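Right, one structure below, let's go through it.
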Amino acid sequence: MDEVIQVTHWLSSITPRKKAKLFFFTTHADAPSPMVGSNDVDTHEETQLPLATTVALHNFKNIDEFLKKKVNTFSCYSVIENEITKTDYEYLRFYSACKYLDVVPPFLDLEKISAIQNKFEMTDEERDYRLLLDSADLVLEKVCDSLKPAGVSQMWTALRKDRNLIRGVKTIDIIGFFVGPNPTGIKECLFFFIVRFLQKADKINRVNTNRLERLIAQCDESSSCEEGKTIDFIIDSLRFYPTELYPFGFCLIMCVIEGRDGAMQEIEKTMEISRHLGMITHTEKNPTKETIELVKKELMKPKYQFYSSFTCWFMSHGDSNSMVLADGETIEREWFLTSFPDISTFQLKPKVFFMVSCRGANKFSLKGDEFEGQSATCDYYDIGSAPIRNRMLDITDSVRDISYVQPMMDTLVAYSTILDHLSGRANTHGSIYVDRACVLMSENISRGRSLTEILEHLSQDLHEILQETMDEDRIVYKQACHYDSFFRKTLKLPYTRHPKEDVHSAPQ
């Protein structure tokens, strides 16, 4: 069959709603730049003009033309060995979006996708199409699905009132002031236009969504929300780190085995829970400084920008400032913690570090015969009330910026013990902290718990356990863990995900 006829037939089989979503996922806002094969030409019109004209004219002609152009580009594209191009990213994004929406063109060359994945050095696990979907876009899709056409129209009216934001933007004028997005798919086009416009204007990104939340908050709940949804529910969905679908993220496990009883048990437990959470996992036994540098270099590879989160378990001996490596050398804990969050592939994504080591020799000792032989009403102020609110600072958009981010932002560091104190371990099972952390995370999958809720429960649970030193004094003591958080959103544990289903993108 002629290729033009094939493409036309494929487009005619896609519903307007799915066309709008396919366009949205394909024009991903955070594509890496600069890339080989790209230039500095502003893609504003390419990503927004088709949406604007579709809303204004109530037809999908321009979006159809855009999708045809993409298909033709991929059809003519020759995969260049060893050199990752902008088209490589676009091809993978396009395929994953088609797969997600169940509209994969029957004529799409899957061998090219496999060749591109080879260039990214993707493992078998990483060839799952769900890894290639942007989790932030999936959250925005759900927000759109929760709104009625009237709700998106109200968001548009609220946006048009911000003259400083829309001044000089031609695509805004194409749509007009009042919009009735009733034909199927027009609601999606208008919502996705608003999102991409705010992203291009540096008003929102995958972490900073306040500006979008404020537009939604101005909607009338009775006419704007789909059945069973509320304005609060929709806004709350934007206040979690986007970690939709599989995998939940990438997990790095570093464990010093030498001189640490039960270390292999620690590795087994952390590997089991990370996989249970839906993470793709890499383990480094007996790490050295050279190992750490090699791992950092590895994490800078382009494929890691597809992951939605990063978790690291580091288990070793240590003192107040440093950790002992397998070869007896030490590294500063602060150096380790500040070097990983700065890796560009995980910027604006949650990064969690579990630091499992002693931080000194002090113990919270328990004295008394009962411990021997045991081990193993105030004023309320409503911040929303008018008198309080009127005394608050008026923070305008002109003094807000989301472009520059401190490297440690979106990072959480969980310590197995407090400064200058021991971190207890069992002879055969290794770190008690690791054991309890894995148990609690496993128990709370599918319960909608956030990571910080689990860590708070862990703090309570661990501090109830009586431990005993292994020296001749046999001192009974308690251990206290804690965490430092630079999170700007809430990180929820995922529902159980099984990567075993046959979802590979191309024949291996």
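Glycine is no exception: its Cβ is also placed from the backbone N, Cα and C atoms.
Lifted from TrEMBL, the feature list:
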type   : residues : note
DOMAIN : 233-362  : domain 'Caspase family p20'
DOMAIN : 410-443  : domain 'Caspase family p10'
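Residues of the domain 'Caspase family p20' (233-362) grouped by DSSP class, helix first, strand second and coil last, total 45 helix, 35 strand, 50 coil. The helix, strand and coil residue counts that DSSP assigns across the domain 'Caspase family p10' (410-443) are 12 helix, 10 strand, 12 coil. Confidence in the domain 'Caspase family p20' (233-362), given as mean pLDDT, stands at 92.
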